[in-house]
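*Asks:* Submitted below is the structure of interest, expressed as structure tokens.
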Amino acid sequence: MNWDDTTETAADGEERLVGSAADGEDQAVEAALRPKDLREFVGQAKVREQLDLVLRAARTRGAAADHVLLSGAPGLGKTTLSMIIAAEMAAPIRITSGPAIQHAGDLAAILSSLQDGEVLFLDEIHRMSRPAEEMLYMAMEDFRVDVIVGKGPGATAIPLELPPFTLVGATTRAGLLPPPLRDRFGFTAHMEFYEPAELEQVIHRSARLLDVETDAEGATEIAGRSRGTPRIANRLLRRVRDYAQVKADGVITREIASRALAVYEVDERGLDRLDRGVLTALLKLFGGGPVGLSTLAVAVGEERETVEEVAEPFLVREGLLARTPRGRVATPAAWAHLGLTPPQPPPGAPGGAGQQGLFGA
Ligand SMILES: Nc1ncnc2c1ncn2[C@@H]1O[C@H](COP(=O)(O)OP(=O)(O)OP(=O)(O)O)[C@@H](O)[C@H]1O
Ligand SMILES: [Mg+2]
């Protein structure tokens, strides 16, 4: 599976409760849960402080804000922040995305119809076509585009002045942006995964908006399983709400949250069936590894790509699995998480099975 492909959404979002891409239901409810201004936006303290300065300064100057690049994993709040930027600047916002801009002409049409000070939100900016990208360089820097009229030797470039605007680009893959594009942003915000306490705030806020009663421990329980991602926190909250309404009195407590998420097979750390399947195979069948990716995938009954790109990133981030040149290796934390005991090394042998060279002496 290619990250640049929309299949990411299919594999990571639609089928998994803990997938980070937006599914249909997310899209329908997210608009209602989006914070509307910077003060309401939870967490990302550094980004918020820096962005606040950028926007305040622009407002004082009475000018459009500098172009802003938002980079970070899916569901951390890039689209939300872009809308907040427009709201804080009291400017209209135009929303489009890299894949929607196939030809430079598409971009020229959008740019030339912008109003003074408008925010242009370009989602998935790393997926824009090369000719459009080159047109964007000039638009960002000089607020000008050359529209090419005609073809072949008779083609002429007609320069077109643009009103000052703020480009807000969003990407999950900042590393894929060509340096000339990255350099033209005045401010780059790197969105980090959220701390559990921040996710608790997100959950309390969303619970209020969804009109569902949640006590402190209930929110803590959901936050711990949300993989550092507000989108997942909101999604788990909705599933727990369903359970609370059907099986209890509608109030979300620790007990209700943990029973509900057990039904949905999301464990205390946010691992789902796929994640646990991969870890269990690695521990039980291969003694913790090292084992090659293909062998591991066959053992789990999944595609290689699913294991590598859907399950592993989170397991690696959580320090449960390591990718080594000799294969996949479970960490001591993985044994502990699944409540299993690592095999003892034979007497006199250096290090334990599967941990040689990585964690062993
Ligand atoms: N800091 C935050 N405070 C409160 N809610 C948040 C925050 N960040 C994100 N959310 C919630 O999470 C949901 C997903 O956020 P958003 O759509 O902005 O993510 P994204 O980074 O644009 O994801 P993608 O990469 O998939 O486009 C939103 O509905 C919003 O309610
Ligand atoms: Mg988005």
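From the backbone N, Cα and C atoms, a Cβ is placed for every residue, glycine too.
According to TrEMBL, the record shows the following:
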REGION    1-24  region 'Disordered'
BINDING   Leu33, Arg34, Gly75, Lys78, Thr79, Thr80, Glu141, Asp142, Phe143, Arg184, Tyr194, Arg231  ATP binding site
DOMAIN    64-195  domain 'AAA+ ATPase'
REGION    195-265  region 'Small ATPAse domain (RuvB-S)'
REGION    268-361  region 'Head domain (RuvB-H)'
BINDING   Arg304, Arg323, Arg328  DNA binding site
REGION    339-361  region 'Disordered'
*Asks:* List those of the binding-site residues Leu33, Gly75, Thr79, Phe143, Tyr194, Arg304 whose Cβ lies under 6 Å from any atom of ligand 2, in sequence order, or write none if there are none.
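*Replies:* Only Thr79 meet the Cβ criterion.
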*Asks:* Got a sec? Which of Leu33, Gly75, Thr79, Arg328, the binding-site residues, have CB under 6 Å of any ligand 1 atom?
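*Replies:* Among Leu33, Gly75, Thr79, Arg328, near ligand 1: Leu33, Gly75, Thr79.
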*Asks:* Mind checking how the region 'Small ATPAse domain (RuvB-S)' (195-265) divides into helix, strand and coil residues in DSSP?
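*Replies:* Counting residues per DSSP class in the region 'Small ATPAse domain (RuvB-S)' (195-265), I get 52 helix, 2 strand, 17 coil.
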*Asks:* State the count of C-beta atoms found within 10 angstroms of the C-beta of Arg323 (DNA binding site), not counting that atom itself.
*Replies:* 14
*Asks:* Residues near the DNA site, Arg304, Arg323, Arg328 excluded, by Cβ within 8 Å of the Cβ center?
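*Replies:* Nearby residues not in the site list: Gly292, Leu293, Leu296, Ala297, Val307, Glu308, Glu312, Gly327.
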*Asks:* Where Glu141 (ATP binding site) and Arg328 (DNA binding site) are concerned, what is their Cα separation in Å, rounded?
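*Replies:* About 46 Å separate the Cα atoms of these two residues.
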*Asks:* Would you mind reading off the Cα separation of Leu33 (ATP binding site) from Arg328 (DNA binding site), to the nearest angstrom?
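*Replies:* The Cα atom of Leu33 (ATP binding site) is 39 Å away from the Cα atom of Arg328 (DNA binding site).
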*Asks:* Ranking the binding-site residues Phe143, Tyr194 by other Cβ atoms within 10 Å, which is at the bottom?
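*Replies:* Relative to the other binding-site residues in Phe143, Tyr194, Phe143 has the fewest Cβ atoms within 10 Å.
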